[in-house]
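Residues or ranges marked as compositional bias 'Polar residues' in Swiss-Prot: 203-212. Look at Swiss-Prot and you will find 193-244 tagged as region 'Disordered'. Annotated motif 'LXCXE motif, interaction with host RB1' per Swiss-Prot: 103-107, in sequence order, evidence recorded as sequence analysis. The feature zinc finger is assigned by Swiss-Prot to 160-180.
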Amino acid sequence: MRHLALEMISELLDLGLDTIDGWLHTEFRPVPAGVSHNMSLHEMYDLDVTGQEDENEEAVDGVFSDAMLLAAEEGIEMPNLYSPGPLVGGGEMPELQPEEEDLFCYEDGFPPSDSEEGEHSQVETERKMAEAAAAGAAAAARREQDDFRLDCPSVPGHGCSSCDYHRKTSGCPEILCSLCYLRANSMFIYSPVSDSEPDEPDSTTADSNHGSPPTLRCTPPRDLPRPVPVKASPGKRPAVNSLHDLIEEVEQTVPLDLSLKRSRSN
């Protein structure tokens, strides 16, 4: 029995070797030239298995992308390319609607250089100045539309259009305008405007329609003391009891000696 088993194993091994040898020598798997059946590991490592170049390789690569070729090798099903069907309603093209597309690039680029930062800061300053000018013009236009008017009522803070304007804009019902505040706190004396004086006849020209400056009618008294310029004396100024003592003329009886030094008063 043991002898029969060894013979069967030997026959199976021979059959397997013949099958492998026949498969290697078929036309689909030709043996490369210069390759013997008994090849060493070094010879198998240097074996050139590239084969001949395919003339249609570039054309195929140009038609099909790498993803499609890889999917074909891996057996992955690729979705069919969209192909428009026949036009509906005849050969006329459908009416297309315009669409706005955002073509702005939101990616962060390289940091700006020093010159670009200077230009950017200048542009930013000009933009802020333009915005401030526009805001000021808009505020002035709003003020003109609100029609602010200065008012002076008989009772400060009551029935005043200026106070009503400030109360409406600020939202505070107890606020007063500047004029009513000064009048209410007696900071200044306000009185009604007096009537204009009648025009006096002009004494310099024959035209009586134009007024002349008022005439001085009050004559000063004869004994009115007048200030007299007095030179500074080297001595100490004497004490006085009233202002009249300073403006009285002092009689100079002794001549001044200019050769002497001025005495210092302690």
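Heads up, the Cβ atoms here are built off N, Cα and C, so glycines get one too.
Keep in mind it's a predicted model, so treat the numbers as computed, not measured.
Sequence-distant contacts of the zinc finger (160-180) (same chain, six or more residues past either end, CB-CB distance under 8 Å): 146, 148-153.
As a summary of secondary structure, the motif 'LXCXE motif, interaction with host RB1' (103-107) carries 0 helix, 0 strand, 5 coil according to DSSP.
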